[in-house]
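What follows is one structure encoded as structure tokens, with my remarks underneath.
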Amino acid sequence: MPKRTDIHKIMVIGSGPIIIGQAAEFDYSGTQACLALRDEGYEVVLVNSNPATIMTDTTIADKVYIEPLTVDSVSRIIRQEYPDAILPTLGGQVGLNMALALAKTGILDELHIELLGTKLASIEQAEDREKFKELCQKLGEPVPPSKTVKIVEDALAFGDEIGYPIIVRPAFTMGGTGGGICHNHDELAEIAKNGLELSPVTECLIEKSIAGYKEIEFEVMRDSSDNAMIVCCMENFDPVGIHTGDSIVFSPSQTLSDKEYQMLRDCSLKLIRALKIEGGCNVQLALDPNSLDYDVIEVNPRVSRSSALASKATGYPIAKMAAKIAIGMTLDEIKNPVTGTTYAEFEPALDYVVCKIPRFPFDKFPKADRVLGTQMKATGEVMAIGRTAEEAMQKAVQSLEIDEKDLYSAKAHKASDDEIEQKLVRPQDDRLFYLAEAFRRGYSLEDVHELTKINFYFLDVVKHMVEMEKEIEANPDDLDVLRLAKKYGFSDQTIAKLWHEYPDQVRDLRKANGIVPVYKMVDTCAAEFESTTPYFYSTYDGENESRKSGKKSVIVIGSGPIRIGQGVEFDYATVHSVKALQKMGYEAIVINSNPETVSTDFSVSDKLYFEPLTLEDVLNVCDLEQPEGVIVQFGGQTSINLAAGLERHGVKILGTTVKDLDRAEDREEFDQIIKSLHLHQPQGLTATTHEGVMKAADQLGYPVLVRPSYVLGGKAMEIVYSKDELEEYLHDHADIAEDHPILVDDYLDGRECDVDAISDGKTVLLPGIMEHIEHAGVHSGDSMAVYPPQTFSDEVEEKITDVTKKLALALNCKGIMNIQFIVRDGDVYVIEVNPRASRTVPFLSKITGIEMAQVATRVIMGESLEQQGYADGLAPEPEMISVKAPVFSFSKLADVDSYLGPEMKSTGEVMGSDHTFAKALYKAFAGAKMQLPENGNVLLTIEDRDKEKILPIAKRFARIGYRIFATKGTANFLKKNDLHVELVTKVHEDEQADDNILNELRDGKIDLVINTMGHDIEKNSDGFIIRQMAIQQNVPLLTALDTADALLKSLENRSFATDALK
């Protein structure tokens, strides 16, 4: 059926900020969908609150609204734009839930707006646990015994009836939010209560656990003519019981017999047809490893995380196809863009193995609960492609950018047998390394299977790699063993370690004997049809399919997996760099390892290499492509860390030189530059021993800021107020080495700001200065920021501009850089310089209209700022005021302290823009789900040193009609200052009392918690427990008084003044 001509304007709802469970994959799918709809001639209106995405670029849709994803906000835009239809199935769970909420308000019926793609009834049938169960039973498809409940008591009664373990699955949530496995009555009571609170319809499915079954996923497509097809079948390495987002995944399935595959394929097709889904959907199934029994777990009636993985694994662009199906086209009339000759109804065939491994945030949160279950904890993922499962898995491990570069972990090696068995029975994020260690210690396949329930085939893959380690170690410099090792994915670094050599020696031996990788094409059809996709992976098997073209080429290194501190913002910069290179006539080549992102869409660059971002893999691509040079400024710390090694091997680093990159990052050299330019910076000392750190702190006087050098995202950075705290910090970060000294700085309390600057060596352009709303001490990635600045005088802005220009020229910056300042008493202090793109590039690019990554790329390639039409100094400020607010995923990470400090904790961001600061703040808070009633109850739990500062804030809350709750000390102080305060008892006082803090939170009496008890970082301390309870109960929580002040500004703007005349 040809595309529809009765609709002209389509609204696409985005997925909002990045949180655990909903990451960059929706930027990828949303971008694809918008472009596909525009290609077909429709006007596209996009609504999304996340400025860090390619999707919210003005080139992606005809109209782009970066506004809060609330019913009020989206309804206002609908009334402004009058779209004919809305496409909600590409914005993840947020987009789906928004469509349902809009339908309930009646606005869609009132304005005759149609929902494209999957119909509302189908969405409800798939997402509503009870309706879905009824459908499966009607179709004769098996589901585990279960019951839908709306109250905790019903959950407990059902648990007693069918026995434990039991799985709780809240309705209309994603990433396993609020769910979990319960082994007893108490766990079920707690998890069911939490799940009911987090489900937008207050409903949970309580089902008998089938943990231990194989977990299989099918990505399925269907059109309005009932053509349906399987895009991809994926098999989880981990059995049922671990969320698929936290599981290692292989495609195609590795252990299914043809009979099992066909049986599960038929079930998936039957389900998508019965649900009448139009577009893409994800079916999750559980298969008994010992029989042909299976159960249906769930269906996601939308494009999902797995769809992005399936798209990259097969080359089949699911979101693009789903968008075309939504406008009425059918699979037999849509061309497959990979081959250009076959149609979209042909099922992809793979002649390689894909392995996905999740990337977890526990390097940032060492105290978090790392045990994996049905609630997702990973922030991102990597994907690798090889000819064998071993090769794909090894390459994926190398892509993770963690301490382990292969299957050997020093921590696992030191563990006792008991500890290893514990880790296998209760799997954590690092289980793969403990599996390998178990085989090193002689555990049999049967032993390990008994402990883990992981399929024998996957265990054998791990065991084979451990056996290969021994063979490599026993045969140094043996060419046959080297060939075999490379075939199974062993890196030069690992081989060098086993041979007690340097990686360069292994590389030289390889190259001298012609042992070099070939590059194979990902073509969706296992080479059955002619294909010209510029999408490649390396392997040591067969002939090379990637040829160097005649054009001049430049390699842009991506930023790898999404993690806290290095998010989708860096992918945004990578994509824009590619666009600029293409406009300048260069062949733009991307190397990256992240399946969720736009940069790894093969239609974005001229050539895509899906490879680990290691020195070996990047050099191999450089050897083949012989580029003009490599750009490292846009891939965050990942690409910067590769610069020196690439240069050592003769690869030209474009833009700022390696020597100058080092001068910015090396503390002593940087201090010399600051001194020579007569600039201010907080007094600081460097120490390489624990004693040295203690001495430095005494010399400077507390509080001090301590951090390791060469870090991103403030990892292991803390403000320390006393000797005891410093000793605890050193105990927690005991791995300080000579080559990574600790920096100890005098902690300055002032206004912090961020500047991104572009320099060509003569002219320095400052697109804007972003003022932080929180005082210094909160990491810039976790701080709210406003542009243009609201409290800086012209004189201060001039000083910041002047210092930025001096530093850019002194550091010989060529391209982009980021500087962080503290402004105190009119003086400007330099905190740090990052000689690369920062996470603020997308935000600032969107609101200034200056495409910073593109301008910087042109500078890197030799085009001056003057030639591009930019003048020296600070760019003119726009009329609109824009606020960036961080978004956190604490509800997914048990035991992570939510108190904000110098170590970054946010996973995403939103933006609010308006003509006044208060309105921009209101939108930013609304986008970050911090919407408060006009009057309510606020709980104040304040450290003694903040008591004076809280007084004006408390008075303003009282003035707009809020009741104030506080514990004894704070309450007495506020009462003395004429405020009416409701007294609550402390955490460990009368725990049964109704007015105990925790009971007040549990009973839903509190609308906002302000908690500045930053020293209460122990898990049993009052401050920590209150913060955790607020997060569990979904109560907005602020830990910085500046944020409370900003929130008040937005609330005061909404409320009317009620002043007595007398």
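Positions of Cβ are set from backbone N, Cα and C atoms, glycine also.
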Checklist entry - Can you tell which of GLN790, GLN820, GLN854 Swiss-Prot lists as binding ATP 2 with ARG707, ASP746, LEU748, GLU752, GLY777, VAL778, HIS779, SER780, GLU832? => result GLN820
Checklist outcome for this item: CA pair GLU215 (ATP 1 binding site) / ASN834 (Mg(2+) 4 binding site), Å rounded to integer, equals 43
Item to check | Integer Å distance between the CA atoms belonging to LEU748 (ATP 2 binding site) and ARG129 (ATP 1 binding site) | outcome: 53
Checklist outcome for this item: If you measure between the CA atoms of LEU748 (ATP 2 binding site) and GLU832 (Mg(2+) 3 binding site) and round to the nearest Å, you get 13
Item to check | GLU298 (Mg(2+) 1 binding site): nearby binding-site residues from LYS208, HIS779, GLU832, ASN834, Cα cut-off 10 Å | outcome: none
Checklist outcome for this item: In the domain 'ATP-grasp 2' (671-861), averaged pLDDT is 90
Item to check | From ILE242, ASN300, ARG707, GLY777, HIS779, GLN820, the binding-site residues whose CA lies within 10 Å of that of GLU832 (Mg(2+) 3 binding site) | outcome: GLN820
Next on the checklist: For a quick check of understanding: among the binding-site residues LYS208, ARG707, HIS779, which residue's Cβ has the most other Cβ atoms within 10 Å?
Outcome noted: HIS779
Item to check | Pairwise C-alpha maximum, in angstrom, for the residues (ARG707, ASP746, LEU748, GLU752, GLY777, VAL778, HIS779, SER780, GLN820, GLU832) that bind ATP 2 according to the record | outcome: 18
Checklist entry - Among the binding-site residues GLU215, GLU298, GLU832, which residue has the largest number of other Cβ atoms within 10 Å of its own Cβ? => result GLU215
